[in-house]
Amino acid sequence: MSILVVSVSHKTTSIDMLGELAMDAEASGKLAGALVTSEHIDESVVLSTCNRTEIYAEVDRFHAGLDDITEQLAHSCGLPVETLRGICSVYFDEGAVAHAFNVSGGLDSMVIGENQILGQVRSALIGCQQAGTVGTVLNSLFQQGIRVGKRVQTETAIGAAGRSMVSAALAQYADLVGPIEGKRVLVVGAGSMAGLAARTVAAAGARVTALNRTHDRALRLAEAIGGRARPLAELPEAVTEADLVITCTGAKGLVLTADMLDGTEVGAVIDLALPADADPAIADRLPLINLGLLLRSAEQGTGASTGRISTAEVDAARELVRREVADFLGRRRAAQVTPTVVALRSMAADVTDAELRRLDGRLPELDPRTRAELAKTVHRVVEKLLHHPTVRVREYAAHQGQVDYAAALRELFALDPHAVAAVMSTDAVEAESAQPDLSAIEPTPALDRDEP
């Protein structure tokens, strides 16, 4: 079995197309469930954020698994399969692991080093665990990916910068309009992205009014930052009292139209929603800072999306990821030889026990103490003979090479393939029952969607 990733991201397609592919938690879980019913897919996780929609899967065949994924994803999003194939990137085995860790570390994001992705990865994993689509392989991959993301955030200069889509958008605002301090800011939405925006501008000295479809959520956000709350139905009136509108909801249609801004003092709009909340025509009247603008800034290497992070700092973070990838792959290769080692030890124990029983039949006069001492001695001899080779074979297997050490052991000792398979099955059941400790990472919805 191998790890396969199919990714559609800001690097491969437009923001508008990402909007068509965007999924909330319910849709992601439904797609993950459909994927594992496919013939060639055993496990799946769906990650959908404002930067990407990705499928992580454990597959038994590359091409067949890829076909299953692209067909299911295209069907889920209502796109032709050929259209999807033209805008996706595919990663397999080592490349898939490296991609997963780069994503968790914020190194593949539109805003390099952004720190919200870690919570989004965690939420995607938990959601698919609840959907019953995650087994030992993807559990292990995502657990280590989350640890990698934490290391990038805590051990590198990228993490120290505290970057996010919100900070990038606000830096663009500062460049285009000026300081946020003292401004009247309307924040539409109360999900994680909107909440981060509200907290950030409030800390910078802005006066914040929160709006949401669910008024109680707007009230909770307003109370947390010392702002005001209004129901979403009052948006047309609320914009007349704002200098800046920040919107990030999960609405399927436009929330803020150009006509709403007629006769107001709004000087800019920040739209962080996917699909977009703000009418594109707003850009004809005033600065509209949206995901498309942030993407262009990232592609050009200008503005807040790159900030002050140097190439050396990014390289240091990528080196950390590279070492983690090597560690994951090494442990995975070592784990693959473990069932064969266990089967070898089991066979040795069976042979030893059979010979001791034969000895009992030939020498029935042996007293119990002597018999026990003989048994201990024989078991010690066998253990010592097996110890060094089995330790070394795990060490060798952990390093990339052309030798299949598990196959060599099976051939040399004529191990029963069914015995090895039985050990692998037992290991899988035990590993699957162990859930990852993700409590230290705050959950972040994969897509920032408000309740209807």
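Here the Cβ of each residue, glycine as well, is placed from N, Cα and C on the backbone.
Annotations in TrEMBL come from automatic prediction, not curation.
Pulled from TrEMBL:
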ACT_SITE  Cys50  active site, nucleophile
BINDING   Gly189, Ala190, Gly191, Ser192, Met193, Ala194  NADP(+) binding site
DOMAIN    6-156  domain 'Glutamyl-tRNA reductase N-terminal'
DOMAIN    317-415  domain 'Tetrapyrrole biosynthesis glutamyl-tRNA reductase dimerisation'
REGION    432-452  region 'Disordered'
SITE      His99  site 'Important for activity'
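The average pLDDT computed over the domain 'Tetrapyrrole biosynthesis glutamyl-tRNA reductase dimerisation' (317-415) stands at 84. Separating the Cα atoms of Met193 (NADP(+) binding site) and His99 (site 'Important for activity') is a whole-number distance of 24 Å.
For His99 (site 'Important for activity'), other Cβ atoms within 10 Å of its Cβ number 23. Across the fold, the C-alpha of Ala190 (NADP(+) binding site) and the C-alpha of the residue listed as 'active site, nucleophile' stand 16 Å from each other. Counting Cβ atoms from all protein chains shown, Gly191 (NADP(+) binding site) has 21 others lying within 10 Å of its own Cβ.
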